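**Student:** Straight from Swiss-Prot, here's the annotation block:
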- 7, 395: Mg(2+) binding site (BINDING)
- 14, 216, 217, 218, 219, 220, 291, 292, 293, 340, 341, 342, 343, 344: ATP binding site (BINDING)
- 98: substrate binding site (BINDING)
- 156: active site, proton donor/acceptor (ACT_SITE)
- 188: site 'Transition state stabilizer' (SITE)
- 249: site 'Transition state stabilizer' (SITE)
């Protein structure tokens, strides 16, 4: 089955075409035909493509909106120029969509129908920055491919619906949860699920035999405690703002600071929230950038004090969460790193692991340095009681597989 995977944002569209079926999934032999992204939708859009032969291309096109972008994309991936071997729109058998928020309604990936669309619309107030664009992505794919091609919604929050009540509730008046569904939802769920699946494959362990802490570290960051294949706690909360220090997000913060900062700086509550989301984290502390690569260079080569401070705060917060999740699960088999920073910053991994010797985690410096650029493997020492791994996340592959399972062979 040829599956188009879409991740629609406000002015961006990430995509991939994956060939998968039951046999390919069982053998881990799914085929990725093409991937890329379209940026600056609404003007002169920039399109980045990774073709089947491994080559990369960039081009521009005037794409006025998301519908035009999806229509262009479908036309390109079914053209001879793309090299996919697909020659007609009918060769795309299904579309899998990343949807950020599924509320409490969606515990699994689901085939889209009118009821599902209404459910996603009802969660817009929980994810106003993401779900409207995810919905428009579904509508654009329907317009480009017709109602006969099934669409599947894969929710970032679904994996965390297994959190126990004592982990997902906030210690605020209980009626607020009953009336407004104020609770921890967690995000990056598809990524954490992907990491856990791949870790089990690499180690040959069954779901029931695995306790791991997964760290998705990129511009957005989150930690997850996974026991017996299920998420039992996660760092992001009602919104993605809670938890770890991130590229531009503050993470955990005293709630009383919102009013205090607003009063002192003359900012409204939405302005304070915007500051915590887009001007804080690594960027806010360093005053330089939210890019960990640049911060490491500033700290190591130019001895910039605030760059070093931002890195230390980032690693300290992550280490605290790992320690708390080890306590919550009564220990763990491994700490598993993923995401752009987790997969490519050995120094950051080492700093996070540095304070975990008490738990039996000891790293091999040479192995750690070697694991960059998509490499996967263990970098703890032989026999370490708590292992450390790098396992690149593959959300698009998981979305494609969920899409196949949701629609089955009947769509082909």
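Placement of Cβ uses the backbone N, Cα and C atoms for every residue, glycine included.
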**Student:** How would DSSP class residue 343 (ATP binding site) in three states?
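**Tutor:** In the DSSP reduction, residue 343 (ATP binding site) maps to helix.
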**Student:** Rounded to the nearest angstrom, how far is the Cα of residue 291 (ATP binding site) from the Cα of residue 98 (substrate binding site)?
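**Tutor:** Rounded to a whole number, the Cα-Cα distance is 24 Å.
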**Student:** By CA-CA distance, flag whichever of 7, 156, 249 among the recorded positions is nearest to residue 291 (ATP binding site).
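**Tutor:** That would be 249, the closest of 7, 156, 249 to residue 291 (ATP binding site).
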**Student:** Mind giving me a neighbour count for residue 291 (ATP binding site)? Other Cβ atoms within 10 Å of its Cβ, every protein chain shown.
**Tutor:** 17
**Student:** If one measures from the C-alpha of residue 219 (ATP binding site) to the C-alpha of residue 249 (site 'Transition state stabilizer'), what distance in angstrom results, rounded to a whole number?
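**Tutor:** One finds 9 Å between the Cα atoms of these residues.
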**Student:** In Å, how long is the longest CA to CA span across 14, 216, 217, 218, 219, 220, 291, 292, 293, 340, 341, 342, 343, 344, which the record gives as the ATP binders?
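**Tutor:** Result: 23 Å between the two most distant Cα atoms.
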**Student:** According to DSSP, does residue 395 (Mg(2+) binding site) fall in a helix, a strand, or coil?
**Tutor:** helix
**Student:** Roughly how many Å lie between the Cα atoms of residue 341 (ATP binding site) and residue 188 (site 'Transition state stabilizer'), rounded to a whole value?
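**Tutor:** Approximately 15 Å lies between the Cα of residue 341 (ATP binding site) and that of residue 188 (site 'Transition state stabilizer').
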**Student:** Nearest to residue 188 (site 'Transition state stabilizer') by Cα, among 7, 156, 217, 343, 395 (recorded positions)?
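**Tutor:** Of the recorded positions 7, 156, 217, 343, 395, 156 has its Cα closest to that of residue 188 (site 'Transition state stabilizer').
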**Student:** Of the recorded positions 7, 156, 249, 395, which one sits closest to residue 343 (ATP binding site) when you measure Cα to Cα?
**Tutor:** 395
**Student:** Measuring Cα to Cα, how many Å separate residue 395 (Mg(2+) binding site) from the residue listed as 'active site, proton donor/acceptor'?
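**Tutor:** Cα-Cα, rounded: 10 Å.
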**Student:** Within 10 Å of its Cβ, which one of these recorded positions (156, 343, 395) has the largest number of other Cβ atoms?
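**Tutor:** Counting every other Cβ within 10 Å of each candidate, the maximum falls on 156.
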**Student:** For residue 14 (ATP binding site) and residue 7 (Mg(2+) binding site), what Cα-Cα distance in Å is obtained after rounding to a whole number?
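**Tutor:** It is 5 Å, counting Cα to Cα.
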**Student:** Counting distance between Cα atoms, which of the recorded positions 7, 217, 249, 293 is nearest residue 156 (active site, proton donor/acceptor)?
**Tutor:** 7
